[in-house]
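According to Swiss-Prot, the Mg(2+) binding site annotation covers Asp49, Asp88, Glu120. The 3-methyl-2-oxobutanoate binding site annotation in Swiss-Prot covers Asp49, Ser50, Asp88, Lys118. Look at Swiss-Prot and you will find Glu187 tagged as active site, proton acceptor, backed by sequence analysis.
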Amino acid sequence: MSAIGSQKRLTPPRISAMKGGKPIVCLTAYTTPMARLLDDHCDLLLVGDSLGMVLYGMETTIGVTLDMMIAHGKAVMRGVAKACVVVDMPFGSYQESKEVAFRNAVRILQETGCDAVKLEGGEEMAETIAFLTKRGIPVMGHIGLMPQQVQTAGGYRSVGHSEHETSKIRRDAHAIGGSGAFAVVIEGTVEPLAREVTSAMHIPTIGIGASAACDGQVLVSDDILGLFNDFKPRFVKRYDELGKRVADAVAAYAEDVRSRKFPAADHTFKRRP
């Protein structure tokens, strides 16, 4: 591990202790340069399986592999000095059994040096989370809209509108709260329900398209920076339009090359006397 990664960082217990306090700031990171830029400003960095869509052009997160998550987890860890780093367990790496989940979670922690793993699911995954946490693996849960289940859920849509959905999310929150998870992401959930769940849980809730009452917020970094333009979720606030700025910079470079303005004398090497 690099020297920067060996310095004191926020830990899952410290994140858990932030329940009800100053809101927890979380963003996604997939690369070393981005991790370095985000680290000073974030409490949590999530190496999300959203990288499949953001970096690899996939339509969903289903095609993301364990090896991909580990590679990007390693990259992020090289750029972090302060933030707690959580790596997503990709689809198929934990659903088969709690023993398979344990083996794959151990791989992620050992090979990346990250602080915790995150997995999606409510009641059906509570036993697996408990199995992992009892064996020393910090776990963040994920309820509400679950992107890895998008193909069976009928697409990306907010949840908690019907009594059936509301009841399920309440049960999921209760199950995850009792599983030993140190925090839980609640995604794409109607605001009143997300607020209620946050109040009822003893662990921090990290909202994404949920409620300002959540104990923290997470967004995809490329979304808030305007670097990912395939689609823009309603819950995203754009803080810059870097995509346009990158395109403008590249257009200026291309023009300089074609007009032979670049490289200028300052960008070339002189023969030594």
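Indices start at 1 and increase along the chain as displayed.
Glycine is no exception: its Cβ is also placed from the backbone N, Cα and C atoms.
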- Item | Pairwise CA distance, Lys118 (3-methyl-2-oxobutanoate binding site) versus Glu187 (active site, proton acceptor), rounded so that it is a whole Å | 13
- Item | Rounded Cα-Cα span from Glu187 (active site, proton acceptor) to Asp49 (Mg(2+) binding site), Å | 14
- Task: Take the C-alpha atoms of Asp88 (Mg(2+) binding site) and Ser50 (3-methyl-2-oxobutanoate binding site) and report the distance between them in angstrom, rounded.
- Result: 9
- How many Å lie between the Cα of Glu187 (active site, proton acceptor) and the Cα of Glu120 (Mg(2+) binding site)? 11
- Task: Determine, for the 3-methyl-2-oxobutanoate site, the additional residues of the same chain whose CB lies within 8 Å of the mean position of the CB atoms of Asp49, Ser50, Asp88, Lys118; present them in sequence order.
- Result: Leu46, Val47, Gly48, Leu51, Thr61, Val64, Met69, Val87, Met89, Pro90, Pro147
- Note on the structure: Whole-number Å distance separating the Cα atoms of Glu120 (Mg(2+) binding site) and Ser50 (3-methyl-2-oxobutanoate binding site) is 13
